[in-house]
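Visitor: Once you've had a glance at the structure underneath, I'll fire off some questions.
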């Protein structure tokens, strides 16, 4: 029956019920008509046979269904063994393991040979075998209740080659244990010896969770997430010495094995141990990028054409325009049409997306015809492969060819901007992609589900989708016929110039042929929200107007730094700055054949250099002690701190790097505000050349994070408001092309492939794009993380002393070309920002950069033009320097033309605009400008020095050392224990808190080495800035012991100023680990508008005029005016003065004097400096910037432009003396330090008590800071004996107090006074003016 009857007629329950009913009715019928028992038996037999066959089929089906359901339940709870796989591995392992071992050895030898240190001959992997026992899969657990595109399993596996319980006797006989032998050969050539390092008896077991994410395109597996559910167990035997015979397993050492295992767990835990997962991008590894994936942006600037010929002799003069294509395929962009000319000038820039550089860029020139088809005049072809060697080709002139004949010439520029990618590390992983506001967007609409079939008469839809960018249709997918769950999988790439203002959308329509296509659903979302949702795993979105319909959308962002394009220039506003204090490095690699490496450290953000330190020449243990600032944009970013060896020829070489994850430093509070992280913990990290290499060298540094103040940007708010109004008013979508047109003159975007965030052209009133909200859960989650922004007036903004100065360089009219425009801040040796190479004198930049400002009030900014290829001072072609605060007042939100002047008087003008974002950072006093500057030392005299010669005298001279280096040596004073040098020198001090300033006094000897006499250490923090002070130091012995070593008298004045670092063998900045110094540096870019601080309009021609910012300085101060920036008045226009922060803070000037640079001492000569926070006895003035200085101090400051010290009459009265020997016949003599004539010679007095009274005086016409020398002598008839000498100055303060001068072992009491000449002639007009200035 089963062979002759079709299966559809039996095997179901209703078949069995039917046959029972049939048997009953048939037997009743046969009995009714009088048939016999035989017919009943025949009918019963047939029905019984049918029933038995059918019920057997039913039971089998029910049993299979039950087993299937039980298997599903068992799959969720029970474990599945894979003995079939283990049996397969058991037979396959002896065949595959030798091949695997040989492959590993070949790969490892290549890696080890390149990583062999210089002191070793070689490192080779001589033996690698995993033994004869294969790994086992113990069990697998599967999770069936997951999403449709997720496969999740738990695999338990083990590799236990020493477990012989399951091996046969034959397998035991042929068993080979796992072994790895690494041979390290010490020595060189024949004089070398290989030392084997043996690792054997490895064992491993663990349970791993594997999650596959499937996808529609090949290879159908997008990624695999792998993690260990618990700590895996492993064992090994390590024999570093002795080899296999005499080797000793160091694992038996107490605590060492546990320590190694904990180190391995600590390393693998953050990557592999749950809940952390390690993601393997299978799709990227196997299939690579899509064939049509963009590799960059091509900027084609079409300048002009010349001599175009019309092939139609009767066509008249041509009306040419140019079409940009790739291989003469689809039109990508088109210029405007120039009427009736054979020499058109377009000057338009077209931006197109390119997928490879193996094609040809074709510029097709057409003649426009109003009623006929446009006539092609010819085509000019440019091979894109030339961009692989040079990414910029300017002023390219090639013929326009038609049928092999030239029909004119066309001139254009081609620039290629590749996509920015994170660096690929040694282990194959990639660093995060750099943040950028411009780039290429790959927008994909993958598929739809559950479309509303009720909108179709037949219940089957023919849907297609439209991709929308800022209200414009940019791509339409193919139509999927009669499918309510269409799968498109189509992508479209477009250039985005403002990611923050980019809105994406999709509209699903049903194709109806001649009828209007109805909308099945739509969705709209911001690009940034879509990228954030994808990061959280959300790819499906509910369509609005589609009932339960869903659409799967993805977006891939490829940042591209496009220079010269309108918009924000790829800038992403930073959330804060990382402060990196690089203290030093130790035991660096030496890559030089002769000498040592020249190391410096640089900071890389996503593979792009953001800051760098100075270079230490010929040094493997550099002490940078330098602070760099790097703006950061997300906690997901990583900083790479790389130590480089600077090379004179060729590229700099890496000495090792350290990776720093920012999630440790960047934290948010409940309101979403970023928190300050200023722990500044000392870190000592090993320097790796790759993840698999061993560290060589140590980098010591600290790191801290300071967030930016969340200040509202009126420009961004205004732009978002316009977009919201546009979205609310738009009702339909207008078709748009896919090319981009940006004119050099207007920079206006004409086609929709480039989205600049501006309001698009008006849409038709029947447009069908309505604002579609994002998913509610995502929107609410985003709202929680958006803190309220502060709205600060410009006067409030500049009160923050630390912040980011953001500058937009707009355009320029330069006197030079083939150069770079650089921005330097304060004491930086390297520029905070540098533009692209300038190839023309009239250029449009549209580039944004930024720099860290630590003290806005004292900061200085420099703009300079540097010649291409020349990095020295000789390469500076023109520059302009001035106060950052005054420049910010002038250029804040206000495009201003600044004039850079060269040495030859040539003027280059650059238009810039500024913005300032405060940083929440409290400046440490050791990082202030008052901690660095110029120290002037007046070496006056010494007294009671030890004698080193036979005559009881010495020939002393002083040697001053700063941080172990000699900075000044005085002249030798012959035969005296009380020398008077009266010498002056100046030196730069990079950090007063850390400087080691010492003076040593030696005795000069002819022909022999000088003898040590005494020394002392000078504390620079006790000097108050700008105030000359006298110091008397007790001298000490060679080992610092106290004793009778005499005294040294100095006069010092410290003038704060930025000390620019230079490339030297030692750092020019010094600090301590407890109070590290801070050096300003700069990095890249920012948006531009803060508020209406500066008046509208454009100011031209800023120059530096010598005007005081806060009014005229007092006459008793150092009175050179500080330099500030003032804008030039545009010819023919009335002057436009930006408002100042304080009334009268910036006086207007009618002068026109211009300076291309500032004096090196101008910062020092500013009278309104605050007193040092380092000086313990600093006197505070009534006002915050008021400082009064004595007239006697002015001549001690070199290079001062001012009136100098006052002249007048000095009166010196000798009161008495004490402390001299009772037997001495004491005579006091006083003379000027610059003359040998005695001004006073007292009478000789002998006093047994030691107290002597004189009461003698003299007067002298001199300056207020005149110095005098006093001598004490024991007067005898034939020869006087010298008792000592000392120095003093007259008292010009009018206090009337006595002055005690130490002279040898005794003391001389004087009473001095000074009467200025202008006081004596008080009635003169000049005296009255001076009196007013002193008030």
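Here the Cβ of each residue, glycine as well, is placed from N, Cα and C on the backbone.
Nobody curates TrEMBL annotations by hand; they come from automatic prediction.
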Visitor: Looking at 676-731, 732-787, 788-843, 844-899, I want to know which stretch TrEMBL calls region 'Disordered'.
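Guide: Based on what TrEMBL states, region 'Disordered' spans 732-787.
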Visitor: According to TrEMBL, which of these ranges is transmembrane segment: 99-120, 121-142, 143-164?
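Guide: Matching range for transmembrane segment: 99-120.
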Visitor: Which numbers of helix, strand and coil residues does DSSP report for the domain 'C2' (915-1033)?
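Guide: Computed counts for the domain 'C2' (915-1033) are 9 helix, 59 strand, 51 coil.
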Visitor: Mind checking how the domain 'C2' (422-541) divides into helix, strand and coil residues in DSSP?
Guide: 15 helix, 53 strand, 52 coil
Visitor: Per DSSP, what is the residue count of the domain 'C2' (557-677) in each of helix, strand and coil?
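Guide: The composition, in the requested order, is 3 helix, 55 strand, 63 coil.
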Visitor: What mean pLDDT does the predicted model reach across the domain 'C2' (915-1033)?
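Guide: Here the predicted model's pLDDT, averaged over the domain 'C2' (915-1033), is 88.
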Visitor: Who are the long-range neighbours of the transmembrane segment (12-30) in its own chain, taking Cβ under 8 Å and residues 6 or more past its ends?
Guide: 39-40, 43-44, 47, 50-51, 54-55, 58
Visitor: For the domain 'C2' (279-397), how many residues does DSSP put in helix, in strand and in coil?
Guide: 10 helix, 57 strand, 52 coil
